[in-house]
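Among the features that Swiss-Prot reports, domain 'ABC transporter 1' is placed at 7-242. Swiss-Prot lists 39, 40, 41, 42, 43, 44, 45, 46 with the feature ATP binding site. The feature domain 'ABC transporter 2' is assigned by Swiss-Prot to 253-497, with sequence analysis given as support.
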């Protein structure tokens, strides 16, 4: 690293009225460095970066570029300093071409005429440098999210940016797209660019970052070099308590009777003769690689997918579940893995989202009982500690953690016998994860049978009483404590023990 930092933010404070969002924050970034910025939602990460990008002005503090004070009062000042910020929500015009987006606001012209051919040529040169597959003449609306992200990066390169800020860039990307993005980020770093990478995903931070800085409650907590990265220390820095305290699972919860019994359930495609059981008060983990059939199994149980064979029993009673409505009537709740596309009604109020699954139950002659709906939503908001100013706030405006708790509260409201959670903490920060784990443990204590699908192995190990592992549509094995380890789960998930897999169905 160079001795003189490319960027220094010193003693940055920012107040919104009486609320102080940042309290004397420091941040130092060098050329050729990937600098991760971590912290819970509300820690001040986005506010700090918006100050750097000129979207906000500081209340006090100073910014230095290569050791020289630099006044950033607006976006133009940031661009002149070589700073570009890629927001989580893309800042592109979908009806314009890639080239038109790259040059938007700075179009090439000669004699009053826009030089479109030259703009396309220059844009294509940047696209080729990135190794992207789209063309400069393509409309942005026809590109994937990953490609739109590349357009944002291309725009930063076109502007000769030296500092690139990326806010949760993998939130909407597939595993393959994420891998390609990482390759590009590493290449840009090797070319000398400084990259500030905002993320709550530790796996990404471990893979990419040269250094990590942590904010908590609007204050700078500290930084760790790559060689010193430690999950326990990062969690402690972010939430003020060690990783061992993150999981709230109580091992001494007495298990009740057999609540859910699945026998040889099949859909003829993704799920092949799966058998599993969950008892009242038990949290059972369902692990496996992407494409193993875990989500499809959950959809079969909830009636989203049609089963071609096998049986489902609840409390010893055989059932045929044709639809989610029937599943809800039988006391099954299902938290989907994609809350924005498959779970939440983003434009509706928090109250409407909470009571969505109880409308039929609580309606009187087809009319909504608004007083009862308000009571249900208020109780859920208090019980799950959902941070909203009031029950009528729009769901789409909430943080990821509060959106997830909002969805969980929908199923808490039906007083479920069985709760299926598909990636319950995906896209939420460490603090929200801890609260979700607390909610899960509380529901288990109340006798709910919980089937938890998760790709986060520490979560599976920390929260599960037992674990089933799927491989290529089948159960590859079942693990009990103390054999529930990440190594054993991955061995089963990758099919290494396929010839010696354990018998997991109990007659």
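Just so you know, glycine gets a Cβ as well, placed from its N, Cα and C.
Highest local Cβ density among the binding-site residues 39, 42, 44 belongs to 39, counted as other Cβ atoms within 10 Å over all protein chains shown. Sorted by the number of other CB atoms within 10 A, the binding-site residues 41, 46 start with 41, the lowest.
In sequence order, 37, 38, 39, 167, 198, 215 make up the list of same-chain residues 6 or more apart from residue 45 (ATP binding site) whose Cβ falls under 8 Å from its Cβ. For the recorded ATP site, residues 39, 40, 41, 42, 43, 44, 45, 46 set the reference point as the centre of their Cβ atoms, and the other residues of that chain within 8 Å of it by Cβ are 47, 215, 429. Taken together, the residues in the domain 'ABC transporter 1' (7-242) have a mean pLDDT of 90 on the 0 to 100 scale.
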